[in-house]
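Worksheet for the structure shown next.
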């Protein structure tokens, strides 16, 4: 005999809230399968296709720069239509089609062209997913960190298991694993709740322009851009650098995975940190962690030391991400949240792309010396975060034309 269906509206609301939370969590799990293979091993796949270090840097940097173009344009359209889930579905299908094409083309120029198309489609997917998660958290009293951590779990498993799988296998398997990850993401995107907002009302000025006229918003994007860009050397040449030391792909896969494990612990058990420290306080922790992590990594070769350093990923990425989401949630109205979030992503992408371009020649000339440049970026992010923390006068980011510039 089946259990009776509850007619209690409160019970139904709780069940609906749980359903939305799990659907977003599963989407994050599907979404981060791709970066879990891409970040550790995509540069190695490009190298196997005959690309030189400078060409790899250009390829990845141009892809990152597409976030600057595609992100704000797509966000403006989404803020006007309110159709976030539909936008993600369309972008996911274009991403998988263009990535499949990348495996068929030959030569740096043609690969770069296809990669530009792919990156333009891929760029808005994560910020739009975060935007849906933040809207759901506010509307249904869900915990953003608890939903987002499943993306980190997925990344961890993908990085570690792909490293084990690739041991002794041809680099072509990197492409196959990535293509499989994109296929899973198609299903994950369909699971997302179709959360919509009323159409954004016409404004006297463009919301993006109004946001960029505010000093506090510029300090925010300056801090987060420097802190995220400090990972450029790690993302681009971490695997190749560790391979040159003689570490196996399985060992390298664990280095990527255990850094994310620390991030998962932060997301799962540090629920009160954003409220206690504030967004700017979390950015300061990320900056301090970056100075420590990258300055030591510059000369680290012993595997156990690398393992210990990777746990600082909880600070350099995890704390920075939670701090940024905290500031965006507190500072933006729902109607302009996608625009503010896309500007945040665009600023981070620009700085990350410039850093990625710079690390190619540095790595070719000096190997681990690239991490000293990352230390400088962490310091820069810390200065901006400290100036933001000192304001203590509220951190509202308004997209209204009435907002005073420079506040």
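Any Cβ shown, glycine's included, is placed from N, Cα and C.
Features as listed in TrEMBL:
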- 22-348: domain 'Major facilitator superfamily associated' (DOMAIN)
- 26-46: transmembrane segment (TRANSMEM)
- 58-79: transmembrane segment (TRANSMEM)
- 86-105: transmembrane segment (TRANSMEM)
- 111-137: transmembrane segment (TRANSMEM)
- 149-167: transmembrane segment (TRANSMEM)
- 173-193: transmembrane segment (TRANSMEM)
- 217-238: transmembrane segment (TRANSMEM)
- 250-270: transmembrane segment (TRANSMEM)
- 277-297: transmembrane segment (TRANSMEM)
- 303-322: transmembrane segment (TRANSMEM)
- 343-363: transmembrane segment (TRANSMEM)
- 369-389: transmembrane segment (TRANSMEM)
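Outside the transmembrane segment (369-389), and at least 6 residues removed from its termini, the chain residues within Cβ reach (under 8 Å) are 216, 219-220, 222-227, 229-234, 237, 278, 280-281, 283-284, 286-291, 293-295, 297-298, 316, 320, 323, 351, 355, 358-359, 362-363, 395. Highlighted: of the candidate stretches 86-105, 111-137, 217-238, 250-270, 343-363, 86-105 has the greatest count of Cβ pairs under 8 Å to the transmembrane segment (173-193). Residues of the same chain lying 6 or more positions beyond the ends of the transmembrane segment (149-167) and with a Cβ under 8 Å from any Cβ of it are 25-26, 28-37, 39-41, 173-174, 177, 181, 248-254, 256-258, 260-261, 263-264, 267-268.
With a cut-off of 8 Å on Cβ pairs spaced 6 or more residues apart, the transmembrane segment (343-363) and the transmembrane segment (111-137) reach 3 or more such pairs and are scored as touching. Long-range contacts of the transmembrane segment (86-105) within the same chain, counting only residues at least 6 positions beyond its ends with a Cβ under 8 Å from a Cβ of the stretch, are 74, 77-78, 111, 114-115, 117-118, 121-122, 124-125, 128-129, 132, 175, 178-179, 182-183, 185-186, 189-190, 192, 194. Among the stretches 26-46, 250-270, 303-322, the one making the largest number of Cβ pairs under 8 Å with the transmembrane segment (217-238) is 303-322. Here the transmembrane segment (250-270) has long-range neighbours at 36, 39-40, 145-146, 148-149, 152-153, 155-157, 159-164, 166-167, 238-239, 242-243, 303, 306-307, 310-314, 317-319, 322, meaning same-chain residues at least 6 beyond its ends whose C-beta is under 8 angstroms from one of its own.
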